[in-house]
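**Student:** As annotated by Swiss-Prot, active site applies to 24. Positions annotated as active site, proton acceptor by Swiss-Prot, on the basis of sequence analysis: 72. Per Swiss-Prot, Mg(2+) binding site is recorded for 24, 211, and the stated evidence type is sequence analysis. For 25-29, 37, 41, 69-71, 73, 75, 192, 198-200, the entry in Swiss-Prot reads substrate binding site, with the evidence type sequence analysis.
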C-alpha cells in the first residue's frame, strides 16, 4: 500500500468542501488610509480574486462570498449606488475570466431588488458559466439567512398544499430542498474578517455545523496566505494533523 503523506491526506479528505466568507472591513480599511469607503470596496475586489484563485487551486468545491446583505440597503444612498455600479463593473470584467477557469458563477439572494439592467447582467453571467464543472462561486447579494429560510418555507407551503401533506410528513430535507444552495454541500468553514465575531444573518441554515474562523484582518488585506492559514486552522480543528499554512500554500503551488 502506498504511503499516505500529509499532502495526500489534505488533498483527498481534509479540505472543506464549502467555504463561506463574510467580507468585512472595507470601510474601516479605507478610513485608516484616509480614503472614502468606496476606495475600500474597490480594493476588496482584488481580495476576492485572490480567494477565488486560491480556493480553485486547492480544489475547494464551493466558495460563497457575502457581498451585499439585505440590511445594506440602509447605508447612505450614494454608497449603495456606488456598490451597485461596482457590482455591475466586476460582473462585466470578471465573468470571462471565471468562465476561462471553468468556474461556475451563481448569484444567490433576492435578485428582484436590483435594477433590471443589473438583473440582466446577472442572468447572462450565470448562463455563460452554467455548464462549468469546477469551483462553484456563489456571490450572496441582497441576501439574508432569514430571507433564505422564509423563501424556502414558502416553496414548501406550496408543495404541502399541492400534495395534501400533513405536519408529520415534513422533513428537514424538504425544507433544505428549497434553499438557495439546495444542490450544494452545507458550509464546512465560515470565515469573517475585520475582527467581528458574529455571522450577521449569513447562511443560517447551511452553516449549522460550520467551523467559524474570525480574523482581525480587514478584507482588502486578506490574501492567499490568509486563506491558507484559515484552511490550515480548519484542518487542525477537524483532523488534528498539525497542518500549517505553509503546507497549504505548497499545495496551491502544485
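Backbone N, Cα and C atoms are what each Cβ position is placed from, and that goes for glycine too.
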**Student:** Would you kindly give the Cα-Cα distance separating residue 72 (active site, proton acceptor) and residue 199 (substrate binding site), rounded to the nearest Å?
**Tutor:** 15
**Student:** Restricting to the same chain and to sequence separations of six or more, state which residues have a Cβ under 8 Å from that of residue 70 (substrate binding site).
**Tutor:** 109, 110, 142, 143, 144, 147, 201
**Student:** List, in sequence order, those recorded positions among 24, 72, 211 whose Cα sits within 10 Å of the Cα of residue 192 (substrate binding site).
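**Tutor:** Near residue 192 (substrate binding site), where near means Cα within 10 Å, the recorded positions are 24.
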**Student:** Are there any residues in the same chain, six or more apart in sequence, whose C-beta is under 8 angstroms from the C-beta of residue 41 (substrate binding site), and if so which?
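**Tutor:** Once residues fewer than 6 apart are set aside, residue 41 (substrate binding site) is near 26, 27, 30, 82, 83, 86.
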**Student:** Could you round the CA separation between residue 211 (Mg(2+) binding site) and residue 73 (substrate binding site) to a whole angstrom and send it over?
**Tutor:** 29
**Student:** Distance check, please: Cα of residue 29 (substrate binding site) against Cα of the residue listed as 'active site, proton acceptor', rounded to an integer number of angstrom.
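**Tutor:** On Cα coordinates alone, these residues lie 18 Å apart.
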